[in-house]
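> So TrEMBL lists these for the protein:
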TRANSMEM  29-52  transmembrane segment
DOMAIN    45-293  domain 'G-protein coupled receptors family 1 profile'
TRANSMEM  64-86  transmembrane segment
TRANSMEM  106-124  transmembrane segment
TRANSMEM  144-168  transmembrane segment
TRANSMEM  210-232  transmembrane segment
TRANSMEM  244-265  transmembrane segment
TRANSMEM  271-292  transmembrane segment
């Protein structure tokens, strides 16, 4: 039974219920199996990419360094939400504590913002590599790559902290049903029994964060496309486009779904469409990333092949 605490004639909620998950006998088991397979693929696929980039000297370049960072973040990004979804699908008690909800929101959005910053760093890397090829090795050094990664983590984990701290002070005393597949700002704030108009300011801050990354990436790729189209060699154009296509696809998928979800301000969607949009950037985008970065990338496929070949040779020698 959902836990409640009575305080000053008000029933204070200390536990939330996810209302969108179907019971086990009404499709919950099927969704559980599908989601478990997807989560296993996300973790294993991104882990393989991360390990291969670390071990293969051919991939010790800024572009693959950022891909490995993105893969590492994807593992934790999905782990903040999917395991709880899995337990909600097979459990009769589809609940999460207030503290657990706040922690889930904090790490989900912190890792999401960090990913957005890393994607921005990747676009800058591709811009320098294609537009300034002669100066690229002296500009995009290992030190700068580490600084950009550290800055991305700093922004991601610091920017969300004030909002989470503010939500933690709010009283929740009405309904405790979250109409979403994970704890998110809007569904949780709608359950607070106090004025939450301050969320408009928070929405504006998030909009600035998202739009800033979007415009940096978009402007970088507009410039990149102009430079590529001006190349005299068709082979050179094809090679340049192929190195950027994967990142551009991930960028459109990630920022497209995030923009629809968080740049709507007063616009509202039905619970169904809210859930569909959430599934896109919580599950679908992380699921497609290993495919985009490995199965469609010849250098990555060759590196994975070399790694498994070395393991087979090592076993044969034993």
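Backbone N, Cα and C atoms are what each Cβ position is placed from, and that goes for glycine too.
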> Below 8 angstroms Cβ to Cβ, which residues of this chain, lying six or more residues outside the transmembrane segment (106-124), approach it?
63, 66-67, 69-70, 73-74, 76-77, 80-81, 145, 148-149, 151-153, 155-157, 159-161, 164, 182-185, 209-210, 213, 216-217, 220-221, 247, 250-251, 254-255, 258, 281
> How about long-range neighbours of the transmembrane segment (64-86): same chain, 6 or more residues beyond its ends, C-beta under 8 Å?
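Tertiary neighbours of the transmembrane segment (64-86) are 21, 32, 35-36, 38-39, 42-43, 46-47, 49-50, 53-54, 96, 100, 104, 107-108, 111-112, 114-115, 118-119, 121-122, 125, 142, 145, 149, 181-182, 250, 282-283, 286, 289-290, 293, 299-300.
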